[in-house]
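In what follows, a single structure is set out as structure tokens and then discussed.
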């Protein structure tokens with residue numbers, strides 16, 4: 001509570017000082033300077049500086065692009081608007097593709113939008129408008145930075161170190177949960193631990209760019225810090241997959257399959273204990289011990305079927321990956337937490353498979369394009385009263401951008417939240433603003449407003465609500481050093497702002513809120529169909545795989561499979577509890593993502609490989625209307641044939657790292673298929689619906 005009050009007071013002081021200077025210098029739109037202060041106010045000086053610098057770059061890029069568009073298309077307004085809408089969609093793509101520079105792209109969209117739309121009305125003033133926006137943004141950044149440095153130079157270095165220690169302890173806790181007897185209790189506890197650690201890893205990674213501006217050690221070894229956090233995230237995924245594989249092997253005698261299972265597991269547990277100790281204050285340097293691989297009993301292994309064999313091989317590979325990642329993480333984290341130079345990276349980092357475009361990127365790009373043109377048509381055809389018509393266009397598109405940036409996608413919630421913000425602004429405008437008798441009282445009112453916004457909405461998930469309460473008061477009031485009170489203008493402006501957010505919500509409801517259950521069932525069938533086609537192409541002979549046509553088909557099905565896996569993950573979060581239990585949907589989602597990752601690993605190893613590669617004659621394709629269970633069983637048989645061929649090649653040519661990696665990838669596919677079938681058997685629905693799922 002004390003920290004919230006302190007942070008809110010600091011922001012309020014910076015906000016009021018910004019308006020003082022904006023009025024003193026008679027800036028065109030003081031609103032943008034004050035808005036900048038509220039946007040860059042973050043818990044530490046490093047984070048605020050980082051966001052301020054990104055906002056500055058975004059403003060400069062947006063101003064330059066806006067002037068460029070106006071210089072070429074100012075006489076062709078429809079062409080200008082078309083180019084602007086395409087540019088906004090492209091920037092949204094880059095914003096979602098690059099987490100570090102996402103704020104640059106977001107601000108560049110807003111500034112370009114403002115300059116182009118105001119330049120349509122006043123093309124002769126376009127250059128001055130771009131200069132004004134840059135001045136106002138710079139003022140907000142400079143004032144907030146100065147206030148922070150003078151009164152509260154907080155840093156996030158201790159938070160970064162504390163989070164790293166928590167991650168090290170969390171890995172050991174997750175490893176210890178393997179001993180819980182009850183399977184359901186184990187999975188619930190482990191999933192809760194996994195989710196909390198995954199979120200912490202993401203939060204910790206976001207701290208690094210800001211802390212590097214506060215600490216020379218983090219600045220110098222930023223790559224090592226990011227590598228350590230990435231290693232922790234990869235180890236977390238390996239631990240989750242290891243647990244899923246053990247669950248799939250629950251009917252087998254695991255110690256009989258792995259004679260040294262208990263001994264190796266004990267050594268791995270000791271490694272996690274060393275990681276926990278390395279996070280303690282004053283810990284000494286420690287050399288990560290060698291754990292050694294799990295060895296397989298060949299006699300017991302040969303007695304298994306192809307599905308179980310692949311699961312055993314997957315378990316062996318995941319154990320090896322856990323030990324490698326844990327040793328790397330121990331070396332990096334112990335050095336970084338002590339302030340010592342970290343060890344240099346060995347080998348090349350693994351390439352993370354990505355789709356050409358993510359489902360979220362596609363959805364937001366198309367949503368922004370539709371919102372832009374719907375707003376433009378409304379502006380052209382109706383010429384809404386109350387606000388300057390260009391201002392209506394600016395604010396409506398800006399509201400759509402804020403909804404996308406904050407992740408708020410509930411139409412009614414958007415409308416009611418902004419309605420609450422407009423009512424709040426109306427109360428201030430009607431009952432408090434007319435009582436002000438001098439400029440000092442106005443600055444005091446603005447400071448109190450900034451204090452309330454920062455104090456009441458401190459969390460990241462409250463950003464949309466914070467914007468909904470900020471924008472009506474600051475934008476519709478349009479306060480300058482020439483005070484004007486016009487209730488009629490404020491009332492019609494508020495109505496048009498509400499119309500704008502209603503248009504955005506209606507577009508989202510009509511075009512971007514499908515029947516989630518039906519779409520989920522459709523996408524999961526499409527996913528397994530795409531995975532089957534991808535696997536069939538991978539089973540082709542090496543000479544055929546080298547052809548450009550087949551490579552193009554491989555590219556298409558690879559990215560189609562990953563796209564569908566990501567889309568299913570998004571849809572699963574919106575499924576009602578009456579359709580499927582949330583824990584079953586989570587398991588299903590993680591398994592198909594693991595399957596897509598294993599297919600990518602197999603693809604990467606086979607790419608350009610001309611020897612020791614299987615050349616399989618696979619069975620006929622399953623009919624598209626066949627039950628989903630038949631699709632999964634056909635995929636199991638194909639993967640089993642792939643695995644047998646790889647093992648035969650390994651026996652004939654001798655084992656090598658590439659072949660072992662492909663065998664492990666096949667094991668990962670089989671693990672995902674086996675656990676998916678288990679999920680289907682557990683669904684509390686009718687048999688017909690179970691077949692569909």
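Any Cβ shown, glycine's included, is placed from N, Cα and C.
What TrEMBL says about a protein is an automatic prediction, not a curated fact.
As given in TrEMBL:
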- 7-25: transmembrane segment (TRANSMEM)
- 56-74: transmembrane segment (TRANSMEM)
- 80-96: transmembrane segment (TRANSMEM)
- 103-121: transmembrane segment (TRANSMEM)
- 141-160: transmembrane segment (TRANSMEM)
- 362-381: transmembrane segment (TRANSMEM)
- 387-405: transmembrane segment (TRANSMEM)
- 412-433: transmembrane segment (TRANSMEM)
- 439-457: transmembrane segment (TRANSMEM)
- 491-512: transmembrane segment (TRANSMEM)
Recorded stretch, among 7-25, 56-74, 103-121, 141-160, maximising Cβ pairs under 8 Å relative to the transmembrane segment (80-96): 103-121
Segment proximity, the transmembrane segment (7-25) to the transmembrane segment (56-74), 3 or more C-beta pairs under 8 Å: no
Residues from the same chain, set at least six apart from the ends of the transmembrane segment (7-25), whose C-beta lies under 8 A from its own: 33-34, 36-38, 41, 43, 136, 139-140, 143-144, 147-148, 151-152, 439, 442-444, 446-452, 454-455, 458, 479-481
